[in-house]
């Protein structure tokens with residue numbers, strides 16, 4: 001089973017990288033092809049609405065069919081969509097913007113479905129006795145893809161759109177090849193399959209996950225903070241191409257270089273994360289990271305030299321990296337193992353629910369309200385909201401029985417030092 005497990009890890013790593021590249025690149029490509037902030041915002045929204053719908057539906061389908069076969073089918077659809085997209089961009093360059101959006105919708109839906117299938121595959125391929133270590137490795141792989149995507153994506157922006165789409169398609173093909181090599185279930189009664197899944201059952205599972213979030217005050221506030229941070233992230237992904245090209249007069253290639261540098265800077269910050277959490281505690285790191293992101297975002301349109309703007313984006317991405325580590329620690333600490341799957345699905349949906357709204361707001365603002373007004377307004381509202389959330393989190397974290405040992409160990413180290 002060691003061979004299939006190794007291939008499973010590779011499958012998840014490639015899938016996460018392809019997914020993060022798609023999320024990162026589509027708004028940039030939409031602007032590059034159309035020169036329109038509105039199209040960039042529409043692309044962001046078009047990516048996320050089907051994804052949010054597909055995530056719970058993917059859980060229902062993965063329960064009804066062999067999960068490895070389900071993964072293969074989604075990979076096959078992604079590959080076909082990728083090849084079709086590349087050909088459409090070559091043959092109909094005037095419709096490249098619409099092609100990118102359609103490709104991102106199809107591939108995004110499949111990415112969410114493979115996310116669910118991948119989680120289920122873990123239960124079949126990884127023995128219970130090594131599951132904690134495996135989950136730690138999977139978390140590292142996902143975090144690595146999250147950090148690597150801006151660095152790689154920044155380089156891909158420098159290429160022609162056809163080559164960018166081709167690179168993503170190649171990743172889909174690699175994922176398909178690995179998925180085809182995984183073992184299938186032995187029969188219809190295999191433990192990997194849950195019979196009788198229904199839409200009402202799906203709704204019940206999601207409702208249970210949401211109730212679990214609401215029952216844990218610390219988790220509820222962290223989810224709310226994450227939603228606010230994702231508002232800023234979605235706005236940067238949508239508005240950055242417009243700001244770089246129109247405000248500073250640079251090309252998308254310069255934007256790509258900026259993202260590459262910022263991505264590597266975020267990756268370089270990872271080694272100090274554990275030290276910061278041990279030294280200052282989870283709340284301090286969460287507050288510093290999220291509030292710094294809000295401040296950097298608010299100042300984006302007031303940055304006069306381009307290097308200052310690039311520096312603000314880089315610090316924002318480092319803060320995003322730090323905050324994402326805190327999210328993982330909190331959710332794996334406070335959520336019971338028997339509730340983890342459905343709760344994480346609900347968390348994922350809530351975390352990204354505001355992102356398509358941001359895309360629509362920026363699309364509607366294009367040509368009507370200047371980004372120099374929209375960006376600071378979003379930033380200030382988010383900054384105040386995050387500050388209030390962090391103040392509320394302080395007593396909640398101190399009172400949380402699951403996180404309390406982490407804080408106690410930190411206090412003990414402070415007393416010793």
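Numbers here mean position along the shown chain, with the first residue as 1.
Glycine is treated like the rest: Cβ placed from N, Cα and C.
Nobody curates TrEMBL annotations by hand; they come from automatic prediction.
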Matching range for TrEMBL feature annotation, transmembrane segment, among 196-216, 280-300 | 280-300
Which listed span TrEMBL calls transmembrane segment, if the choices are 142-162, 163-183 | 163-183
TrEMBL feature transmembrane segment, matched against 106-130, 306-330, maps to 306-330
Between the stretches 163-183, 248-268, 280-300, 306-330, 371-391, which one has more Cβ pairs under 8 Å with the transmembrane segment (68-92) than any other?
-> 163-183
Flag the pair the transmembrane segment (342-365) / the transmembrane segment (163-183) as in contact if three or more Cβ pairs fall under 8 Å (sequence separation 6 or more).
-> no
Beyond a gap of at least 6 residues from its ends, the CB atoms lying under 8 Å from the transmembrane segment (371-391) belong to 37, 221, 224-225, 228-229, 231-232, 235, 239, 242-243, 247, 283, 286-287, 290-291, 294-295, 297-302, 358, 361-362, 365
Per the 3+ Cβ pairs under 8 Å rule, pairs at least 6 apart in sequence, do the transmembrane segment (280-300) and the transmembrane segment (306-330) touch?
-> yes
Mind checking which residues of the chain, 6+ beyond the ends of the transmembrane segment (218-236), have their Cβ under 8 Å from one of its Cβ atoms?
-> 44, 212, 286, 290, 293-294, 297, 300, 313, 316, 320, 323, 326-327, 330-331, 334-335, 347, 350-355, 358-359, 362, 375, 378-379, 382, 385-386, 389-390, 392-393, 396-397, 400, 403
